[in-house]
Amino acid sequence: MPVILGIDPGSRITGYGIVRQQGSKFSYIGSGCIRTPEADLSIKLNTIFDGLREIIQQYQPETFAIEQVFLAHNPDSALKLGQARGAAIIAATQAELPVFEYSARQIKQAVVGSGGADKTQVQHMVQHILKLTGRPQADAADALAVAICHGHTNQSLINMAGVAKKTVRGRLRR
């Protein structure tokens, strides 16, 4: 029953979500946001790194999944987002966690069933999938969606590998 840490990176707010996967089902472990101070970017990045290091120590996830950088209209925003992702990935790498990356479209497709879903739809489906009593905060919901996406993707690969093991010379063994 793997524990997955999902990350929705941001230079001001980085969402995190932790789920346990049991086959095709998920259970909620925890979620929240790391809010960076109004300070130089280096301080913000250090806050993200330290915050995620503490979360990794506390929850002991087996895998780390993060949203990829989207093509922003503002190059400065895209650069800061990339740097926030870097701080998060280094925290995972130092903890020797495997790192998986997913596009926003892949995440929405896995959780909502539509790559064009909006944030409200993602929040609703995360609440439904994890059987939460309340709607999670947007950044935390996005991070939980990343974790769920990884679980679904990983489970699909395991299922495909199982089918491949059952085939001999292109024929399915019965």
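Placement of Cβ uses the backbone N, Cα and C atoms for every residue, glycine included.
Bear in mind that the values here come from a model prediction, so they are computed numbers and not experimental data.
The annotation active site is assigned in TrEMBL to D8, E67, D139. Per TrEMBL, Mg(2+) 1 binding site is recorded for D8, D139. Residues or ranges marked as Mg(2+) 2 binding site by TrEMBL: E67.
Features per TrEMBL, on structure.
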residue: D8; record: active site; DSSP (3 states): strand
residue: E67; record: active site; DSSP (3 states): strand
residue: D139; record: active site; DSSP (3 states): helix
Item to check | D139 (active site) and D8 (active site), distance between Cα atoms, whole Å | outcome: 6
Checklist entry - For E67 (active site), what is the tally of other C-beta atoms lying within 10 angstroms of its C-beta? => result 25
Item to check | Separation of alpha carbons, E67 (active site) and D139 (active site) (Å) | outcome: 12
Checklist outcome for this item: D139 (active site), Cβ-centred 10 Å count of other Cβ atoms over all protein chains shown, is 24
